[in-house]
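Scroll down for the structure; my scribbles are underneath it.
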Amino acid sequence: MTILVLGINHKTASVALREKVAFSDEKRLLALKQIKQTQLAECAVILSTCNRTEVYLHNKNVGPQNDEVWLDSCVQWFADIHQVDLEELKSCLYSQQNLQASRHLMRVASGLDSLILGEPQILGQVKQAYQMSEEYYSLHSDIGMMSTELSRLFQKTFATAKRVRTETHIGESAVSVAYAACSLARQIFDSLRNLNILLVGAGETIELVSRHLLRHGVNGLAIANRTLSRAEKLVEKLETTQKIDIFSLDRLSEGLKRADIVITSTGSPHVLISRNLIEQAQQMRHYKPMLIVDIAVPRDVEESAGEIESVYHYTVDDLHNIIQHNINQREQASQQAEHIIQQESADFFEWLKVHQFSNLIRNYRESAEIIRQDLLEKALQALQNGENTEQVLQELSHKLTKKLIHQPTQAMQTMVKAGNTEGLQAFSHAVKS
């Protein structure tokens, strides 16, 4: 084993445990320092989000004979750095090695392992985690960089995630209520940039809607809420330079008269926007098209509002139908994505095997050259001291043969004990040739 991932996510662990094992930026740097100082691994990348914490490690000195011991050491370190109970952690922890580890990372970065299938934010989080490790090892590694193996894995992963986005429709359809509401608005109106949009409420859903709209360059945004202070706090959280009008619900009729789009999500037990209120607004607007998206449960908008001329009225049930359709599309796209990931992870694993054996061959040749030079130097010294030439050459050839076949002989003995018939057959063919 050279590459290992171990972690927990939203499918294996509770929110409480996920919070305990989360890495802040400061703790992440401490972890990388510990991993280097204890020689737990050559290098590591730590991914920590609200839904998962994963550590990707590379150790070139770990093989089949000691991989379980190394895994146990990594799990113990994981528990120790977060000061959590080892058995509690083990019950929620998953681990993958080499080929499966590379496949897991590619699935994560492509959004196939996310709470919301195909969500795009995770790729940016994986890139950020990689960049933090890259910066750390550029300053603190003996070779001034991350290991070739782990770096290659992440670069391959980024290319794979891009391929998944390009060749499938995994991220094209809205699968959250807030995003679906904004997508619906973009479908009905060619551009949102110069429209007046009224958001009613100041909760989490309206916050998500606000962020989606601001990303699409909306200029005329207004928020109406029962308490102005909560609306003001929402605007502060958005951290935008865009001017956002704020007013209380008693001025709702004024806001409706200016609104091209109304998206509402409050906790009110009663209807806030009556058909009559919308009718009055439409008269003032000369019946220009108005989109109303009512995300609230119970409803904020009177059910018959959609009967008014030029009013497009959608409820949360309509959005859920859209979302379910989109989820089905994403699931179909995920099958294509899995095929791409299977190809790319297999390609990486083939490279990894070739790279490992290239290092093995190079190291063996370097070792043989050191042995040759050492024995030659001793033989030349013996000749200079007047020793018998034939005896010196006999001793040189004997020692050279003995030293050169020592490591291969040990390897064969290990293969015999392990019952590795394929390895022995390959070695036998090589010797015969």
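Cβ atoms here come from the backbone N, Cα and C positions, even for glycine.
So that you can see what the record holds, here are the features copied from Swiss-Prot:
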BINDING   Thr49, Cys50, Asn51, Arg52, Ser114, Glu119, Pro120, Gln121, Gln125  substrate binding site
ACT_SITE  Cys50  active site, nucleophile
SITE      His104  site 'Important for activity'
BINDING   Gly201, Ala202, Gly203, Glu204, Thr205, Ile206  NADP(+) binding site
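Ranked by Cβ neighbours within 10 A across all protein chains shown, the recorded positions Cys50, Ala202, Ile206 are led by Ala202.
The Cβ of His104 (site 'Important for activity') lies under 8 Å from the Cβ of Val5, Gln96, Asp113, each on the same chain and at least six residues away in sequence. Following the DSSP three-state reduction, the secondary structure of Pro120 (substrate binding site) is coil.
In this structure, Thr49 (substrate binding site) belongs to neither helix nor strand by DSSP; it is coil. Of all the binding-site residues listed here (Ala202, Gly203, Glu204), Glu204 has the Cα closest to the Cα of Gln125 (substrate binding site). What surrounds the substrate site, by Cβ distance within 8 Å of the Cβ centroid and not counting Thr49, Cys50, Asn51, Arg52, Ser114, Glu119, Pro120, Gln121, Gln125, is the set Gly111, Leu115, Ile122 from the same chain.
Gly201 (NADP(+) binding site) counts 27 other C-beta atoms within 10 Å of its own C-beta, drawing on all protein chains shown. Excluding Gly201, Ala202, Gly203, Glu204, Thr205, Ile206, which define the NADP(+) site, the same chain contributes Leu199, Glu207, Leu208, Val209, Leu234, Ser265, Thr266 within 8 Å (Cβ to the Cβ centroid), listed in sequence order. Note: the CA-CA distance between Glu204 (NADP(+) binding site) and Cys50 (active site, nucleophile) rounds to 16 Å. Among the binding-site residues listed (Gly201, Gly203, Thr205, Ile206), Thr205 has its Cα nearest to the Cα of Asn51 (substrate binding site).
Thr205 (NADP(+) binding site) and Thr49 (substrate binding site) have their C-alpha atoms 20 Å apart, to the nearest angstrom. With a 10 A radius on its CB, Gly203 (NADP(+) binding site) counts 15 other CB atoms from all the protein chains. Cα spacing between Ile206 (NADP(+) binding site) and Pro120 (substrate binding site): 20 Å, rounded to the nearest whole number.
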